[in-house]
């Protein structure tokens, strides 16, 4: 039983040692210089926050052609970037060497930097190629002497060396052989001592007795960081430059306006941040291990996917080779057939010519026929023979080979195919689509249209994402609604919320994966449900002057002789003909919205709404011509001035003329066909591509909007005591086009009065 407990204890100890060893080996990677791949020796902090050994940095600068900026390795340090030399055992303390004369000569102008003329106005900027981030770091004109030593990293390296060293005791440097183990160190003397030697070399009552002993070490560092410019202890930290500064640096013009804080505050802030970050990492070790397992699984999948990709590419290339081989066989077969046909024709021609030789073939037969003396028999045989001889004679006189020996028509032009094969590469994901803002709009539904850039790889399908931007943001990442696998380059989003702002984006997908998202496009939905209706020209419309389209969604006023004949006085021009077109649907409750486009060349068009009864009464029984100052029952009789409460107007129109919107000083100027109180101060605004009309039946208000930006143009009161329907008035030439609904067209609503009530 005791043996089992001992074995368990031994196993736990060994496991702990293995974990410690693994931890130390993993930490060793952080303590290696990126240049020499050995543990840091006197590391310097580069402006990019990476570290490098001073000797390695000096060597790199020498390779770059910078001379006199690395400092003398044997010199005593005059700045934190310089490093003291380690004194050999049993040697007296060396005197301080002189500062680096070469660096002073270069600064004073007696020396020159490589590539810099003597007496140049601007000092040379030294670039150091950082081996960690692979970028050039500016060191300034001071070179390495302007950098700080990373004393903390030195201490970590020293502690690591002591923890992994076996029997690596530090010996006294002043003892006679054999030296004893060192117990103290002295930064001022830069040596390690045993107890006896420390007392011997630091006698009581002398200045050396004031030296503060430290732990024994082989690497002596300055007590603190010193400013490389003023040789003063750094006491502040410049947040703007992200650099430690001394009291003199703090008041210099270089740091004027910078955020400077005491080094204690910077120390505490950075320590708190580092502690919190480290605590978070240590508290989420399970998450780290889970992510490591996920990465390992990703590596396995990568290996499998890579092998599958290789096999797929090999199979496709073999398929191309098979197609090429098949094509090669068919082309060679065609050449072979052409060759055999030509050889056959040439062989037949040779046979014909051989028959023309003396004593053979046709010539020999003709010679024998000429020997015939019986005239009838000769004529019988010579007739056919003569024809053959004539053809042979003609062929002899116009000799030409029966077939050409050239096969130029069998040459292949493989330039295009070679270019395609040369450009054969892996399929790329589609580029970010471009939203077609001219064709994208929001009406009863949202219609989104896009296209791919000219040289983009093809997309098999698209993903459309959308969300509302006018709702409170939920905690966490932004949530998008998606429409997956959209075919084509357009999409419909049904039933959007009214009076909202939607942001939409789209991206393509093919076998290579998903591409980048398009730029976001923001669309405003109508402020109320869209009203679907058709144009009805039976009330107040002249068929001679108004032309309504077959789908009853467009109307055009045609000026001409009928318009002139409709006026009672042709010469004065004080009377004009007004033609009215109404919608076939009336509104009795709720809010409704519709949009239309007015031809900018229209002379005078009024777009709006009115009470159904008042519109029929006014225009069905009104004279054919009216004065521009005539108000067809605006709802105000001659006694309206004495009424306590002014009645609401039965009509509300927006006036458009010659590409401009005519706005009066108030809503009353557009409440009817004309102003009630005569001319008023008015202004004009440009006509937008589409006009929107929003009717609030309960509130008795109608708003005219820019249907593209939904910017308000005019808001008017309206008498909503009965059914209200859309109305369009024309004076002179003009045209109006109702906006087509994005969805399926609704069925026509037909009632006995020509109007359907929308309840």
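Using the three backbone atoms N, Cα and C, a Cβ is placed for every residue, glycine included.
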Note = What Swiss-Prot calls phosphoserine, among 21, 330, 360, is 330
Message = Checking feature assignment: zinc finger per Swiss-Prot, candidates 33-59, 114-140. Which range matches?
response = 33-59
Ask   = Here are the binding-site residues: 227, 249. Which has the lowest count of other Cβ atoms within 10 Å?
value = 227
Request  = Compute the centroid of the Cβ atoms of 227, 230, 249, 255, then list the same-chain residues not in that set whose Cβ lies within 8 Å of it, in sequence order, for the Zn(2+) site.
outcome  = 229, 232, 234, 245, 246, 247, 248, 250, 252
Key: Those residues of the chain, 6+ apart, with a Cβ under 8 Å from that of residue 255 (Zn(2+) binding site)   = 238, 240, 241, 245, 249
Ask   = What counts of helix, strand and coil residues does DSSP assign across the zinc finger (33-59)?
value = 6 helix, 7 strand, 14 coil
Remark   = Cβ neighbour count (10 Å, all chains) around residue 330 (phosphoserine) is 10
